[in-house]
Structure formats: structure tokens, C-alpha cells
Amino acid sequence: MTQQAANALPPVARTYQVRTYGCQMNVHDSERLAGLLEDAGYRRAADGADADVVVFNTCAVRENADNKLYGNLSHLAPRKRSEPQMQIAVGGCLAQKDRDAVLRRAPWVDVVFGTHNIGSLPTLLERARHNRAAQVEIAEALQEFPSTLPAARESAYAGWVSISVGCNNTCTFCIVPSLRGKEVDRRPGDVLAEIQTLVDQGVLEVTLLGQNVNAYGVSFAADERLREDPRMWQSVPRNRGAFAELLRACGRIDGLERVRFTSPHPAEFTDDVIEAMAETPNVCPALHMPLQSGSDRILRAMRRSYRAEKYLGIIDRVRAAIPDAAITTDLIVGFPGETEEDFQATLDVVAASRFSSAFTFQYSKRPGTPAADMPGQLPKAVVSERYQRLIELQERISLEENQAQVGRTLELLVATGEGRKDAATARLSGRARDGRLVHFAPGAAADEPLARRAFDQVRPGDVVTTTVTGAAPHHLIADGALLTHRRTRAGDAHAAGLRPRTGVGLGIPGVGAPAPAPVTTGCAL
């Protein structure tokens, strides 16, 4: 190939990779980061390939988050030395917390950005490349509601939808409010419009996201953009029924088959939400409600604003209205000052609650939180021993609850990446309406004509029904023939490699796109 012909070839876009740590909010923020970069001219790096830009979207909830980030950054240092044109960006909660300290610990990083200004990433990358100097930009308040940003969705069949950002609670163990700011809620019309956009692209399931979803309505944004003073939102009086109304409105969206939400706070959980869950067919019979501790004394020290009796009362009312609801929770073991009596109270509430599963954590001291300075910090050995006892109890309950599902017929939304052993076992995986993970045999459905069975391969995004044949603490098994198989637009999109996109973009196409690199071919070397 001649040099003239080589120069005539289209430029090669630089590639990116986003590495995500932490909660569902971070996962969704990473979709936005991907959307921003793609709008700016980057393309996603192939699996296993070295990306030109590596973005870390970090978590600051637990102490090992720091170690994980800086360990991974150190692994990239040799590559950065040999390929100075590659770029490394660090964003998210840990970046918001550490700020300039990121560069002190990892001076080869090119960009540091916070939770309030993720839309700045393409511009910061361009500025760092142009100036050949690291860029640190941490905003103190939200600059634009994140959902206005473009998002490159990971799933063709299920989508995250933020209904709020920030949190007004003051839990003594939690650093999130200081990093994410006060709660600001999206207007219902904006939330529903985003859901409709996803459904129009084939999405069957949405999960409504917020730090405290049942506080929704506390501070509606008057506009998706901040006014001149970034610390102020024009707001309207709180609507305490707003979240239940939003759930019912989701039920009126044609084509939306499943609605989930995470996470509600027990202190503000009201019966109108239970009624909306029970009376809205597409709201899934699943509730994730953090308990944290079963001890009233520890709950008070945590500033959780509820007590064990209130929590158990909510569970009783949910199960009365939705008998098949699967209830899951979060638990912290070893909070400062926790006695054996306090821990036993947690075991008692767990035993009474019969959670289908629980995310259980050993207390992690976070600088900047009130709990970090409390007396009575427990020895690691004590915390570890209690943690093991709690795990043993919850594993037994989870197994018993799953064994009760054997023989039931479940509808599954077929998923990808849920079963680590699917290839070895010749199974696929999917989620039941109550959120349980089911590994199933993908044999032809009994209701399909023979002529269609070869064509109707089960795909992620399709919907099947099957009968549960076995159980383990964390999943169900369904090894019989499928009872039904419904091909969906989501399955078509997944098979075609299409991903839904949402967001209005920044209005500045190409910002952050680096100068194109020339194509090299074997003939041009």
C-alpha cells in the first residue's frame, strides 16, 4: 500500500475501558461515562485488549476500596511509562474524597474528576493531552442531573433509571452523603420519559435507583439544569406519596414488563408503597430493604431513625399484601460498641425476617464519618467470628427459602453473565420476577412446533417459563424442558449486538476526541 493510499484511509478512533467498583449507582454512572466517551469519538476496547484510555469509577464505602484502586493503578504504571500517549482517569466517590491525593499516590494519572461533574470527562482528557499535564476537577455541587448525559447501556433487556441523586440521611457509618451531596429528585415526567425511551428500544425491565427511593419527592428539580447558583435548586413542596405514584405510573407503560427499585429506607417506608407494589402488575414481588443491625441500641448509634420492631412490622405488611415477595437486606457486623447482646439481637431479627439473601459486611472504619471516631472499635477477630455466625445463619435460611421454590413454575428473563458455570453445565441463567437467580436447561419449549425449535434458540432478553428442580443458597436449578419460550425485541437486540442509548448529550460533538492516529497495515510497515 502506498503512503498516499494509507493516508486516505479513515482515522482510527482511540479506545476506552471503564472499570467499575461499588454500587448500582456507580454501574449506571459508568454507562454514562461510556456514552460520553463514545459521543466524543472514542470506541469501546475489545475484551482483553489494552485500551488507549482507562477510566476507574471508584467506590469509597469500604477501606479495601482504596487498596484495590491504588493497586490497580500501580499495575498500569509500567504501561504508562512505555506508552505515554495512553491516558488514565480516576472518578467516582474515592476521587471526590481523595482529590489531589490521587496524584500524590499515583502521579502517572492524567485526570481526576468527582461525582458531581462526570460530564467533564471528555474535556478533561482533551485538556490533559493538549497541556501534557494532569487535570484535577472536583465540583462541590451537582453541575447537571446525570440522566441528561448520554448513556451507553450495558444490557439490551434491563436498564437502570435514576430517580434521585444524593442523600439527606446522616448514618454515622456512611460517607456517601458527603460525596454525593443532598438529595435532589428528578421530576416524574422526566423519569417516565427515560423509561419510555428504553422500552421503545426493547428493554423489558427497569430498576429505579436512588440512595433512598422512598424519600422521592423531597426536592424536585425545577429544571434538569442547575440555576446560576449551583448550590440551589428551585424546588416545590414535598410530595410524600410521590414514589408510590411513580410506581403506579410505571404500571401504565405498555411493554414494560418488570419494575424493580433500590434501595428504600425503613424509616420512611409507607403503606402506600406496599399497596402500589401489590396492585401494579409489573412491579416485581421483591424488596431490598437494608436492616444494618437488629439491635435498637446500635441502630440509634448508627442514626438509622427506626427500630427493629418497625422494621419487622414493614416486612409483615409486605408479606401480607404480597405473599410470595422475596425480601433481601444489608447487614453490618462489628459496629463500634456492638456487644454480644447487640449481635444476638441481629441474629434474632434475621431469623424472624427470613431473608431470601443478604449482603453482609464487616464494619469498615471510614475516615470522615462519625463512627470512625467512636469508642469501642472492636478487634478484628471478634468481628470476624460474629460475621461467620451470621453468614452461617443466613446461608441456612437462604437454602430453606430456596428449597421451598422446588416444584414451582417460574417466569425467567434470560440473562447473560449470571452463571459462571453455564458453559460447563450446558445451562443458561435468568432472573425470576422475585429476583432469584435460576440456572436452567435451555431445551426446546413444549409449546413450540418441531419446525420452529431449531430456530428458536433461547437468547438473553427472551422470556421463558420452567419448573424448579433443585436449590442452593444462592440460586435455583431448573433442569426440565422449558414450558414456554417467548422471543422478544430485547433478545433480537442482544443477538444483533445493539445497546440502548439514552440522554441528550452535551451539545458539543467531538469534545475530547483526540487527534486521530494514522492507520498502519502490514503493507505500510
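Every residue number used here counts from 1 along the chain in the order it is shown.
Even glycines carry a Cβ here, placed using N, Cα and C.
Copied over from Swiss-Prot:
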DOMAIN    14-130  domain 'MTTase N-terminal'
BINDING   C23, C59, C93  [4Fe-4S] cluster 1 binding site
DOMAIN    153-400  domain 'Radical SAM core'
BINDING   C167, C171, C174  [4Fe-4S] cluster 2 binding site
DOMAIN    403-482  domain 'TRAM'
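Feature map: Swiss-Prot annotations on the structure.
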residue: C23; record: [4Fe-4S] cluster 1 binding site; contacts (Cβ under 8 Å, 6+ apart): C59, V61
residue: C93; record: [4Fe-4S] cluster 1 binding site; contacts (Cβ under 8 Å, 6+ apart): G22, N26, T58, C59, A60, V61, T115, I175, V176, L179, R180
residue: C167; record: [4Fe-4S] cluster 2 binding site; contacts (Cβ under 8 Å, 6+ apart): C174, V176, P177, R180, K182, E183, Q211, N212
residue: C171; record: [4Fe-4S] cluster 2 binding site; contacts (Cβ under 8 Å, 6+ apart): Q292, M302, R303, R304
> So what pLDDT does the domain 'MTTase N-terminal' (14-130) average out to?
Replying inline: 92
>> Can you give me the residues near the recorded [4Fe-4S] cluster 2 site, meaning same chain, not C167, C171, C174 themselves, Cβ no more than 8 Å from the center of the site's Cβ atoms?
In response: N169, T170, F173, I175, V176, P177, Q211
> What other residues of the same chain, not counting C23, C59, C93, have a CB atom within 8 A of the CB centroid of the [4Fe-4S] cluster 1 site?
Replying inline: Y21, G22, M25, N26, T58, A60, V61, A65, G92, L94, V176
>> As a quick check of your reading of DSSP, tell me how many residues in the domain 'MTTase N-terminal' (14-130) are helical, how many are strand and how many are coil.
In response: 60 helix, 23 strand, 34 coil
> If you count Cβ atoms within 10 Å of the Cβ of C59 ([4Fe-4S] cluster 1 binding site), leaving out that atom itself, what do you get?
Replying inline: 21
> How many other Cβ atoms are found within 10 Å of the Cβ atom of C174 ([4Fe-4S] cluster 2 binding site), counting all protein chains shown?
Replying inline: 20
